[in-house]
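Features reported for this protein in TrEMBL:
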DOMAIN    1-153  domain 'RapZ-like N-terminal'
BINDING   8, 9, 10, 11, 12, 13, 14, 15  ATP binding site
BINDING   59, 60, 61, 62  GTP binding site
DOMAIN    166-284  domain 'RapZ C-terminal'
């Protein structure tokens with residue numbers, strides 16, 4: 001089991017860090033009272049493989065409960081649960097700026113105090129946790145993309161960036177509407193339609209007869225080549241941007257023949273590049 005205890009000062013980016021961990025496959029719980037951490041770890045150890053990588057956020061929002069963090073850590077040690085404390089921080093100027101931009105209240109700020117005083121008070125309260133941290137992550141000079149890269153480097157050392165991107169390639173029929181989740185949409189209604197070939201009408205683009213028909217035409221072959229070139233160029237750009245999921249949608253009239261054949265061919269190509277690929281045919285069986 002691998003357990004990260006994420007803590008740090010308010011406004012430093014703990015929520016972003018926990019979102020990155022969750023997107024990368026960690027089972028995450030935000031604002032967990034410290035006394036529940038050992039029980040949480042025990043349940044994760046007893047659970048399935050998907051719970052063997054877990055993370056919790058424990059910070060000043062827990063109020064008086066936060067004082068029990070070190071006792072909880074001692075309990076984890078006695079249970080021989082491997083864990084790391086990831087402490088997230090930023091300088092005062094950055095934190096104050098972030099609070100002003102979001103117009104949120106600091107958890108330690110009262111009607112008589114200032115934001116700057118609340119930030120300084122929290123630093124004093126959090127110092128023992130920072131001193132015990134295995135990793136201190138300074139976020140004030142980091143963009144969200146750089147923060148994502150840094151977190152993934154910490155939790156998956158040596159992992160290739162390409163494996164962090166999940167690519168969903170889906171076919172659809174325009175008459176049923178565009179897929180709302182699509183990042184890229186391609187229209188193949190210009191290709192010859194197998195629907196008008198009697199023996200192919202009730203088949204789909206996953207059948208050999210339909211695929212052979214679609215790709216016997218020069219424009220189909222040329223389109224696939226250009227599509228592979230474009231997608232092959234774009235995916236590394238999405239990786240650098242820090243995206244974890246990309247949806248490529250290919251549509252024809254009904255989503256049964258041409259788009260299905262083209263989607264299947266593109267999915268095989270993307271898979272050959274080393275990406276994690278899911279292939280989906282939204283409207284294939286609606287006809």
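A Cβ is built for glycine as well, from the same backbone N, Cα and C atoms used for every other residue.
Sequence-distant neighbours of residue 13 (ATP binding site) (same chain, six or more apart, CB under 8 Å from its CB) are 88, 90, 137, 139, 142, 147, listed in sequence order. Of all Cβ atoms in the protein chains displayed, 15 besides its own lie within 10 Å of the Cβ of residue 15 (ATP binding site).
For the domain 'RapZ C-terminal' (166-284), DSSP puts the residue distribution at 52 helix, 26 strand, 41 coil. Counting neighbouring Cβ atoms within 10 Å of each of the binding-site residues (9, 12, 60), the lowest count belongs to 60. Take the mean position of the Cβ atoms of 8, 9, 10, 11, 12, 13, 14, 15, the recorded ATP site; other residues of that chain with a Cβ within 8 Å of it are 59, 88, 89, 90, 95, 139. Cβ neighbour count for residue 59 (GTP binding site): 24 (other Cβ atoms within 10 Å of its Cβ, all protein chains included). DSSP classifies residue 10 (ATP binding site) as coil under the three-state reduction.
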